[in-house]
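**Q** Let me give you the structure first, and then I'll get to my questions.
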Amino acid sequence: MHRYRTHTCGALRPSDVGATVRLSGWCHRVRDHGGVLFIDLRDHYGVTQCVVDADSAAFRAAEAVRSEWVIRVDGRVRRRPEGTENADLPTGAVELYITDLEVLGQAVELPMPVFGELDYPEETRLRYRFLDLRREKLHANIMKRGAIIDSLRRRMREGGFFEFQTPILTASSPEGARDFLVPSRLHPGKFYALPQAPQQFKQLTMIAGFDRYFQIAPCFRDEDARADRSPGEFYQLDIEMSFVTQEDVFQAVEPVLRGVFEEFAEGWRVTGTFPRIPYAEAMLKYGVDKPDLRNPLIIVDVTQEFSAEAVTFNAFKSVIRAGGVVRAIPAPGAGAQPRSFFDRLNNWARGEGAPGLGYIVFEEEGGVLSGRGPIAKFVPPEVQAAIAAKAGLKAGDAVFFAAGVEAKAAGLAGKARIRIGDDLGLTDKDQFAFCWITDFPMYEWNEDEKRIDFSHNPFSMPNYDHDGFLGLDPADAETILGIKAFQYDIVCNGIELSSGAIRNHRPDVMEKAFAIAGYGREVLEQKFGGMLNALRMGAPPHGGIAPGVDRIVMLLCHEPNIREVVLFPMNQRAEDLMMGAPSEVTPKQLRELHIRLNLPDRSA
């Protein structure tokens with residue numbers, strides 16, 4: 001017989017009745033029923049009920065056992081008495097009568113129990129993460145994470161991609177978030193950086209002649225934590241392809257993500273073909289470039305309607321005269337809501353920094369729509385009808401309004417859309433709703449510096465005839481601000497899973513792109529000379545994307561916080577409470593690295 005086990009704690013079935021077996025695991029729960037002890041024994045695979053009574057030689061040893069002790073038991077499998085079966089356990093039809101028990105590891109009084117899935121402060125859970133990971137839900141999340149990563153790898157290989165590993169120690173990047181720096185002992189005064197992403201390496205892999213690259217890549221960024229972003233490090237499904245168009249990237253990536261989500265959706269619906277939504281359309285219809293399409297509400301622009309001479313609502317008219325816009329957010333069925341519903345939304349809007357949300361409730365009078373509400377009297381019937389028609393409203397519906405400069409009005413309308421959809425129960429929660437966001441602007445106007453600057457990714461290829469682009473006059477702001485880039489995001493349930501782009505592989509086009517934004521060739525050479533040098537030696541057209549693995553797992557585990565799907569996460573202050581990181585190092589280590597500390601005055 002094996003030293004520790006012949007079976008796992010999730011393996012025994014009625015077919016094993018009568019067999020003598022050995023199990024090892026943790027005491028999940030110990031129950032004393034007056035001379036009969038029940039021990040629920042747990043391991044990675046499941047739970048088995050074990051029984052011992054005073055007739056067993058193991059009874060005295062079993063009496064000393066406490067929760068989370070690690071034990072080895074020998075015994076005979078028997079059926080549970082009729083009526084005591086547990087249908088919730090795969091092993092619930094049987095139990096093990098203990099004939100021998102050995103304590104393999106005792107446990108002191110625990111700072112948090114494993115049994116019961118009770119809520120505990122996050123600090124306690126992170127400090128004792130190894131205990132937290134014994135609990136069923138978190139344990140299952142981590143196992144699901146591994147299965148999802150296995151599925152991603154398999155699907156990428158089936159798509160003709162090859163897995164690569166790129167360096168972890170690299171050069172500091174002048175762009176993006178703050179780097180984590182690693183001092184070099186061999187090169188005093190110089191530092192490596194942990195990669196924020198393998199961006200340059202994966203492009204260099206394409207320039208090196210490889211065709212389809214992928215990697216489950218660790219990325220390191222010194223940035224603040226959020227619910228959907230872990231501080232310090234995260235993982236992404238890094239993808240790059242040679243000789244591809246934007247459509248080729250979509251066709252390669254979409255089946256991978258759809259397939260993984262269908263595999264692990266547990267009954268939730270998954271978008272069939274991911275809709276492609278231009279950036280400008282997303283900002284108008286949803287007020288954000290990462291729309292949650294589970295919500296059916298569509299924002300419409302009603303600036304023209306409120307510009308009508310017959311409209312006397314001066315709060316909106318003054319906004320329009322100043323160059324602002326008015327956006328309408330439909331609220332189907334809201335006419336049946338009490339006044340408190342509208343008051344709550346107005347109070348919420350004030351909390352967002354807006355003066356409130358104007359609204360109109362539509363009723364039917366004599367076969368025609370008639371509006372009521374605080375601003376209805378300032379809007380004549382024909383304008384009300386035009387607004388209702390544009391927003392797709394009928395009797396019993398309402399419409400809310402957000403007004404201001406375009407970016408501010410769009411943002412408020414987008415947040416109101418989510419709030420209204422949730423409050424009215426319109427958002428279909430049991431689905432994964434994907435979309436691509438495309439046609440991002442290449443440039444934008446920097447109002448603070450009064451100049452043209454890059455809008456998003458400066459290294460993406462402009463969606464413009466190359467010869468025409470090279471001949472652009474940098475002073476032609478109207479043309480330049482209308483140029484779109486081959487950039488795209490993939491969004492699921494309002495969460496951005498990734499940004500991607502067709503890369504700018506032509507040095508002449510890249511130099512022109514930076515020149516338009518006011519950056520001279522010397523800036524490019526100084527900051528990105530290595531990449532430019534490679535591009536000058538024969539670079540293929542290439543593009544890619546990098547969906548976040550942690551966010552994918554978070555969605556599929558239905559968790560609101562990314563720390564619930566990471567094995568050993570840091571807290572929001574980028575501290576590992578369990579391992580005590582970051583920590584001080586010895587003077588000897590600092591001397592070896594030629595580093596002298598200049599710490600801030602903590603008393604100041």
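The backbone N, Cα and C atoms fix where each Cβ goes, glycine too.
Checked Swiss-Prot, it gives:
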BINDING   Glu175, Arg221, His456, Arg503  L-aspartate binding site
BINDING   Arg221, Asp222, Glu223, Glu496, Gly548, Val549, Asp550, Arg551  ATP binding site
REGION    199-202  region 'Aspartate'
SITE      His33  site 'Important for tRNA non-discrimination'
SITE      Gly83  site 'Important for tRNA non-discrimination'
**Q** Tell me the residue counts in helix, strand and coil for the region 'Aspartate' (199-202), as DSSP assigns them.
**A** 4 helix, 0 strand, 0 coil
**Q** On a C-alpha basis, identify the one among Gly83, Asp222, Gly548, Arg551 that is nearest to Arg503 (L-aspartate binding site); the candidates are the recorded positions.
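**A** Comparing Cα positions, the closest of these recorded positions turns out to be Gly548.
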**Q** Cα of His33 (site 'Important for tRNA non-discrimination') to Cα of Gly548 (ATP binding site): how many Å, rounded?
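**A** Distance between the two Cα atoms comes out at 50 Å.
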**Q** Counting Cβ atoms within 10 Å across all protein chains shown, which of the recorded positions His33, Arg221, Arg503 comes out on top?
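**A** Of the recorded positions His33, Arg221, Arg503, the highest Cβ count within 10 Å belongs to Arg503.
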**Q** Looking only at DSSP and grouping its letters into three states, which state does Val549 (ATP binding site) belong to?
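**A** Where Val549 (ATP binding site) sits, the three-state DSSP reduction gives helix.
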**Q** By CA-CA distance, flag whichever of Gly83, Arg221, His456 among the recorded positions is nearest to Val549 (ATP binding site).
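**A** Closest candidate to Val549 (ATP binding site), judged by Cα separation, is Arg221.
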**Q** On a simple 10 Å Cβ count over all chains shown, which one of the recorded positions Gly83, Gly548 is most densely packed?
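**A** That would be Gly548, with the most Cβ atoms nearby.
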**Q** Cβ distance under 8 Å to Glu223 (ATP binding site), same chain, sequence separation 6 or more: which residues?
**A** Ala177, Arg178, Arg229, Pro231
**Q** Report the member of Asp222, Glu496, Asp550 (the binding-site residues) whose C-beta atom has the most other C-beta atoms within 10 angstroms.
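**A** The most densely surrounded of these binding-site residues is Asp550.
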**Q** Identify, in sequence order, the residues in the chain of His456 (L-aspartate binding site) that are 6 or more apart from it along the sequence and have a CB within less than 8 Å of its CB; answer 'none' if there are none.
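**A** Expected: Phe440, Pro441, Ala485, Gln487, Ser499.
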**Q** What does DSSP say about Glu496 (ATP binding site): helix, strand or coil?
**A** strand
**Q** What mean pLDDT does the predicted model reach across the region 'Aspartate' (199-202)?
**A** 95
**Q** Let's check the environment of Val549 (ATP binding site): how many other CB atoms sit within 10 Å of its CB?
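**A** Looking across every protein chain shown, the total is 23.
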**Q** Just to confirm: which same-chain residues, 6+ apart in sequence, have a Cβ under 8 Å from the Cβ of Arg551 (ATP binding site)?
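**A** Spatial neighbours, sequence-distant, of Arg551 (ATP binding site): Asp228, Ile495, Leu497, Ile562.
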**Q** Whole number in angstrom, please: the longest C-alpha to C-alpha distance across Arg221, Asp222, Glu223, Glu496, Gly548, Val549, Asp550, Arg551 for ATP.
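**A** So the maximum pairwise Cα distance among the ATP binders is 20 Å.
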**Q** Expressed to the nearest Å, what is the distance separating Asp550 (ATP binding site) and Arg221 (L-aspartate binding site) at their Cα atoms?
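**A** About 14 Å separate the Cα atoms of these two residues.
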